[in-house]
Amino acid sequence: MSAGDSIQLFPPTTKQAIEASFVPHGKISPLIKRAVEPVGPLFLAHARRQRHGRTFSEDERLEVKNKVQEEVKEESEDEEEDPAMLRADPKEWKQQDHYAVLGLSKYRYKADTEQIKKAHLKKVLKHHPDKKAASGNINDDSFFKCIQKAYEILSDPVRRRQFDSVDENADVEPPESTTKETFFELWTPVFESEARFSKKQPVPSLGTIESTRAEVDNFYNFWYNFDSWRSFEYLDKDIPDDGESRDNKRFQEKKNRSERQKNKARDNARLRNLVDTALASDPRIKLFKEQEKAAKAARKWEREAGAREAAAAAQKKKEEEERRAAEEAAAKASAAAANKKAKEDKKKAQKRDKKVVKNALKDFNYFSATDVPSAEHVDSVLKDVDVIMSKLGEGELGQLAADINAEKAAGAASVQAVFDKFAKMFIERGSMSSADVVFFAQ
């Protein structure tokens, strides 16, 4: 920008414009006069130090002591002290239950640093040698040494973990047997106790009967691949630090390492056996197997659906073919029976009709003009009848018999005329000649 250039600015807002655009939304409440005093725990602590003429560290130490003493007075459920524990030899400190010494048996590995400090202070206040000296027990400081040793162990994270590794009083033994209803109630505390040794946190819970297959698999996979920080240095045999024999020292260190490895292997085997036992009695595993079996059967059923449909179709086709074959066989049998009956009926009818013809010849004396026909006459009539009978077509024998029956009442001439009619019919038809007959149609 050159010196000759200029910038145009907006005119400033006037007071009138500001007042015109102002919109009040409320009023400020009236002022009230109140008394203000310094309060709070920090002010009270400052006032207390000023009043008693204490330094900061002196005041803090006395307040902690007073607080512990108040807690000691208020707590009515302090652990009872075993008389045998009170007589314990401080030299045998590895044999003592450090949590019991400090009155933390019900907390054990769950006790936090603050609880350990408070418990130690309470025990010190109760069993300090100066306090016992006032009671006449001048040299009775054995249990106080046990208290100091317990606090020394439990206040050191490394040494406390070593003690927790072998603290059998914190273990929960697995149940000998369970039912579907008691499995979770009895096994959950067992796994919660074992979970304290896990490097991986949080540890998956045992769950419930409603847990999914994935959750159950994850739980047992975790325990079968359990990564434990548990060690067994606490059980090491003490190595004398007398400098007399380095070989003995190295030997004892080697022996301690070997024992730690053996204890670790035994503990791993114990834990695996524990998990095996839980898995074998877990009601969910049986349930999952039943569900898997049902799902497998369902998949097989679906997979074989085509084969079943084909088999059903083949069976249906077979049944249809068998039905048709049975119907055809029945129809054939029925037709055969009907045909047989028809043949038998026809045969009977022919036999009956032939009998009518034969009886007609006898009844009308072979159409002889004399009372006793000659043999030649009878023979010629019979031959003519045989010729006529041989030329009869389908149904014509019945017609012949019917015509004879119809004319029998009229007499011999009428019956003879029936034979004549049939003979002439056959001659006209060409099935025979006039020479083929001697008596009829002449």
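Backbone N, Cα and C atoms are what each Cβ position is placed from, and that goes for glycine too.
Record check of Ser57, Ser135, Ser177, Ser205 in Swiss-Prot: the feature phosphoserine is attached to Ser57. If you compare Thr55, Thr179 in Swiss-Prot, the phosphothreonine annotation sits on Thr55. Residue-level annotations in Swiss-Prot identify, among Ser76, Ser245, Ser258, Ser76 as phosphoserine. Feature annotation (Swiss-Prot): of 20-45, 306-331, 358-383, 384-409, the stretch labelled region 'Disordered' is 306-331. If one looks beyond the region 'Disordered' (306-331) by at least 6 residues along the same chain, no residue has a Cβ coming under 8 Å of a Cβ in the stretch. Counted with DSSP, the region 'Disordered' (242-270) comes out as 25 helix, 0 strand, 4 coil. For the region 'Disordered' (306-331), residue counts in helix, strand and coil come to 26 helix, 0 strand, 0 coil, using DSSP. Within 10 Å of the C-beta atom of Ser57 (phosphoserine) sit 8 other C-beta atoms, taking all shown protein chains into account. Mapped onto three states, the DSSP output places Ser57 (phosphoserine) in helix.
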